[in-house]
Amino acid sequence: MKIVVCVKYVPDATGDRKFADDLTVDRDDVDGLLSELDEYAVEQALRIAEEADETEVTALTVGPEDAKDALRKALSMGADKAIHVEDDGLHGTDVIGTSLVLAKAIAKAGYDLVISGMASTDGAMGVVPALLAERLGVPQATLLSEVGVEGGLVTGRRDGDAASERLEARLPAVVSVTDQSGEARYPSFKGIMAAKKKPVETWDLSDLDIEAGSVGLEHAWTAVDSAADRPARTAGTVVTDEGEGGRQLAAFLAGQKFI
Amino acid sequence: MPEILVYVDHVDGAVRKPTLELLTLARGIGEPVAVALGDGAADTAATLAEHGATRVLVHEAPEYAAYLVVPKVDALHAAYEAISPAAVLVPSSAEGKEIAARTALRIGSGVITDAVDVAAGGSGPVAEQSAFAASYTTTSRVTRGTPVITVKPNSAAVEPAPAAGAVEALDVTFSAQATGTKVIARTPRESTGRPELTEAAIVVAGGRGTVGDFTAVEALADELGAAVGASRAAVDAGWYPHSHQVGQTGKSVSPQLYVAAGISGAVQHRAGMQTSQTIVAVNKDPEAPIFDLADFGVVGDLFDVVPQLTKEIDARKG
Ligand SMILES: Cc1cc2nc3c(=O)[nH]c(=O)nc-3n(C[C@H](O)[C@H](O)[C@H](O)COP(=O)(O)OP(=O)(O)OC[C@H]3O[C@@H](n4cnc5c(N)ncnc54)[C@H](O)[C@@H]3O)c2cc1C
Ligand SMILES: Nc1ncnc2c1ncn2[C@@H]1O[C@H](COP(=O)(O)O)[C@@H](O)[C@H]1O
């Protein structure tokens, strides 16, 4: 079985994230890392691989040069090989374009199962997996908090707003997993050393037969016109409880007409 | 006036509040045409008409409940083909975003998710979003095709605006992909009797500081008619269900009032509550980052402060 796990390289959420002059996400000033939510995807890929015979796990990223770090992390966790799609023409690509590039790369790599995180921690749209299923024409079993593969079927639990559902789909399929799916392992020292020898292929747009005019900032199907620093919430009154804290808070809420 | 397609989120015919908010926003850019699917779809019409829907396209079929997402994409696509709207608005639930994105791809349009406002602009609707844990506000547009935009709950007021709400049957042919993912069992979420977290006007949330005892948090919530939220630390510890988690990987809320009790205010938590109108916090640690965004904070033990607050509110109500 071939598993492709999609991992994104994102600016660290605890850093001071901002927009660049062209209103794309600034990927230079804040250190990047493998999106924490994609660690869960790598983890589930590895667990599924451990349960099945002859499974190969390929980590795939679309991103700038530094995105190799995300692949290294996935490899040191235990993925077998990695593919990095990198091209100057990709800068500023929106979600529709990103899903095109990922879908072409997944098709070229070959797959029985695609596993993604629930959302990227920078864009946070949570729609790439659904778009991949649409583009690849295979079932989507997304936002799973529990996942298993057996006998050519993927099953899992999706906790929705109104109900918790058990899903079942036939492979090949696209799956995304939530942060409830199971803690991601830490790379071991052995894993880190082994990762250095694992193959990382680099593909550009021409390797994927994607015309330059279909991706990139100029060709995105959406445009950001402005990005303003939200006026930081200013700290209001802080009191120390000396036996009256609850009543003081009640007085504030009454003043604000909440009571 | 151009027609705006509004996807209806409902449970057995009961329309959920975010859809009514979408009707308000849709009226700002055109004439809302609602599309309601699945069991009870036709029962939504009266409510939708009261809130401005000029037409209500309905289609009931077992596929909507039996298979994941794709049947709904097929239907929204069919509705799009039938009315050629100027924009498509969908509530920003996890499922809503997936439906919106797949539909957008099919119709050759760009998609914007999690808008907090949609207004008319010179070249089509302009969406306001917040980015990076709500530390930025952006405006954006769809530049190709018909804008498909998902809108977060609590982004607009619900306003009555009686309209015709003419019920029409929608013709839907399901695609080959529609039956790809079976829903083999469904367990409805137990009702807590409290308001829906994302829709509530007030949210009272507890964190690790509760050490697993949510009694004081729940009592305050009930006194205020509020929903109960929880930090991920509280959820991971098994103290409260994940469906109540507020933050980046939980629900994003923007109520009029957010009460944080025993929550430190990590960036991933802030991502889900920073746009609340008023924030108050109770925390033992004066250095807790939650105080940086609180309009009123009490440094103290939540087990003293919260019950006293609840009692005082009760007393003030007389
Ligand atoms: C990828 C990712 C996604 C995440 N998503 C989310 C998310 O969606 N939501 C979320 O909440 N977190 C999320 N987190 C986790 C987040 O980083 C924090 O770990 C979490 O929010 C901490 O929860 P807390 O504030 O309850 O706990 P803590 O940070 O431990 O804070 C507990 C607070 O309670 C106070 N306290 C203790 N006892 C008392 C008392 N008796 N009275 C008053 N105060 C008391 C302490 O002073 C402390 O400030 C995510 C993290 C990652 C990496
Ligand atoms: N550039 C990318 N490279 C690889 N995987 C990605 C990329 N963008 C998104 N993904 C995957 O799609 C998931 C959802 O992303 P998003 O829709 O952007 O929130 C992520 O958790 C990743 O698994």
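Note: Cβ is positioned from N, Cα and C throughout, glycine not excepted.
According to TrEMBL:
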- B:Arg208, B:231-232, B:245-249, B:262-269, B:Asn283: FAD binding site (BINDING)
- B:4-183: domain 'Electron transfer flavoprotein alpha/beta-subunit N-terminal' (DOMAIN)
Measure from each Cβ of the binding-site residues B:Arg208, B:Gln245, B:Ile263, B:His269 to the Cβ atoms of chain A, and list in sequence order the residues where some distance is under 8 Å, or 'none'. none
Using Cβ atoms only, which residues of the same chain lie under 8 Å from B:Ala266 (FAD binding site) while being at least 6 residues apart in sequence? B:Ser231, B:Gly247, B:Pro289
What is the total of other Cβ atoms whose distance to the Cβ of B:Arg208 (FAD binding site) is within 10 Å? 17
Same chain, |i - j| six or more, Cβ under 8 Å of B:Ile263 (FAD binding site); the result in sequence order is B:Ala205, B:Gly206, B:Gly207, B:Arg208, B:Gly209, B:Ser231, B:His269, B:Ala281, B:Asn283, B:Ile290
For B:Gln245 (FAD binding site), what is the tally of other C-beta atoms lying within 10 angstroms of its C-beta? 25
Students should find that the Cβ of B:His269 (FAD binding site) has, within 10 Å, a number of other Cβ atoms equal to 27
Within 10 Å of the Cβ of B:Gln248 (FAD binding site), how many other Cβ atoms can be counted across all chains shown? 23
Helix, strand or coil at B:Ile263 (FAD binding site) [DSSP, three-state]: coil
Averaged over the whole of the domain 'Electron transfer flavoprotein alpha/beta-subunit N-terminal' (B:4-183), what is the pLDDT? 96
